[in-house]
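S.K.: Pulled these from TrEMBL:
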- 359-441: domain 'GH3 middle' (DOMAIN)
- 456-571: domain 'GH3 C-terminal' (DOMAIN)
Amino acid sequence: MSCARNGGSNNIIDWFEEVAEEADKVQTETLKRILELNCGVEYLKKWLGDANVQEMEASALEALYTSLVPLASHADLEPYIQRIADGDTAPLITQEPITTLSLSSGTTDGRQKYVPFTRHSSVTTLQIFKLAAAYRSRIYPTREGGRVLEFIYCSKRFKTKGGITGGMATTHVYMSEEFKTKQKETKSFTCSPQAVISSGDYKQSTYCHLLLGIYFSEQVEYITSTFAYSIVQAFRSFEEIWKEICGNIRDGSLSSRITIPDMRKAVLDIIRPNQSLASKVHSKCEELEVIDWVGLIPMLWPNAKYIYSIMTGSMQPYLSKLSHYAGKLPLVSADYGSTESWIGVNLDPSLPPEKVTFAVIPTFSYFEFIPLHRQSQHSKFKSAVDDFIEDDPVPLSQVKIGQEYEIVLTTFTGLYRYRLGDVVEVAGFHRNTPKLNFICRRKLILTINVDKNTEKDLQSVVEKGSKILSNSRAELVDFTSHANVAKQPGHYVIYWEIKGEVEERLLGECCREMDASFVDHGYVVSRKSNSIGPLELCIVERGTFKKIMEYFIANGAALSQFKTPRCTSNPVLLSILNVCTIKKFHSTAYGD
Ligand code: AMP
């Protein structure tokens, strides 16, 4: 049963219920389809030889495939993807030539990397949007012809050496014909025109999203973004710029902050002077300012029914600020996917974000699940740092409720038994397809926005910074880190415990060196645009890390297995670290 057989938007729920009922069989058929489409490609030939994929019965093919094709990491596929990026048009991983590559924010090892993007990627994206919208509208019906305030953004696209288009997957989707058609055809229209979405300048786009959102405020049915961070970031800036926005609405003008000609034109083509709206919004904002903007969203968007965005995983830290702005409006957690493949849909939009699960869509990819067992099963701590023992992968039909797994994907875009690096837990079943809880990324530890850093990245950054210490007679005893999002822009804090005396000047240098040593593209870009602030180095007093270890031990960890967490948001650990901080340093503006 292919994704093409979804039977149109009215039937999309029926379609999904049907494939979920037969998830096991649908998975086997999905794998057969992927292999039929791509049989003979260089990567598969290496493992399957000349196996007659077309003639084989689907379940025999599934057994053959999982026994002959090994589990792969991105590194295993990278040489093929690199050849594609360099312009090799031979059938390497797919029969159809790949013309677009996405920069994934990184899952397998938390590092950004190229992932193939095909028409299938944008088609399934729109399909899951439609499916999720159908389930949402059962609980939160919206008015036909209403509007959506969408905080969505494109990054810049580029060409690889071989002329392949590169960029973030969301950008490819927002630039795709399928998306543009959907924008014209949906029953709720986005407030912002394409020129605002695709400007490539997030500050200017945010201003225009907010301006148009206010301009159309009576018509807005819900507010959305891909990740919750963007909504929070937008409203934090609204607190600063609301007077200017009111001024623009009053006069039908546009702030001189907006310098991109296409965007200026597109926005000015829409707005007309509206004095009464401007003064209404102005007086509401004056009231909101006094109460620290609690309930900003329902106050300014009186017809909004809910807020919709990914609020799970690394977005959880933004939930309290989002609720602050949302007042009593429901927060609806969006679906689960990755650049590599969409995975699951939230079928129960009424659940709060902490309880949301994602029902696997069995036509999108062929999914396998590696059972994971935590080494520190007896510890009550759930660490985001890798701490697992694995069993052999099982197909979707064999997953068990309560068990944690790493997801493995075989996709229509040419990834074969590809380890995604996400840890999920099976929370239950919808008909016969599993419903997943997102647990964590196996190896990612530092992230605020689009930046993704692994424990290894942090280690190498700290190593570089601490080399400077060797100019004095001091040594680094231990370290950890924290992604601080309490104030905008968020920033990284690295905590160091040092033995020996160091001049303050040298410590300042260590801090700057560490900031400059993060090589992650997301971090570098965010630092340059100051959407991540200067790095903070906190020097803690001697014995601090011992206190942390004692805290773990007191709560059930075994000393022989204890590892200092390299990143933490645990309030108890942070309070130990902050109380024990004796000196603080900040790096300068990025690149200075
Ligand atoms: P990217 O590689 O940039 O496409 O990011 C995809 C990753 O974001 C996934 O592998 C997950 O780790 C995370 N992610 C995506 N959707 C969700 C979600 N609904 N809840 C939690 N994490 C998510």
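From the backbone N, Cα and C atoms, a Cβ is placed for every residue, glycine too.
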S.K.: Could you count the residues of the domain 'GH3 middle' (359-441) that DSSP puts in helix, in strand and in coil?
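M.R.: With helix first, then strand, then coil, the domain 'GH3 middle' (359-441) has 3 helix, 45 strand, 35 coil.
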S.K.: Looking only at the domain 'GH3 middle' (359-441), what is the mean pLDDT?
M.R.: 86
S.K.: Tally of helix, strand and coil residues over the domain 'GH3 C-terminal' (456-571) according to DSSP?
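M.R.: Each residue of the domain 'GH3 C-terminal' (456-571) counted once, the result is 53 helix, 26 strand, 37 coil.
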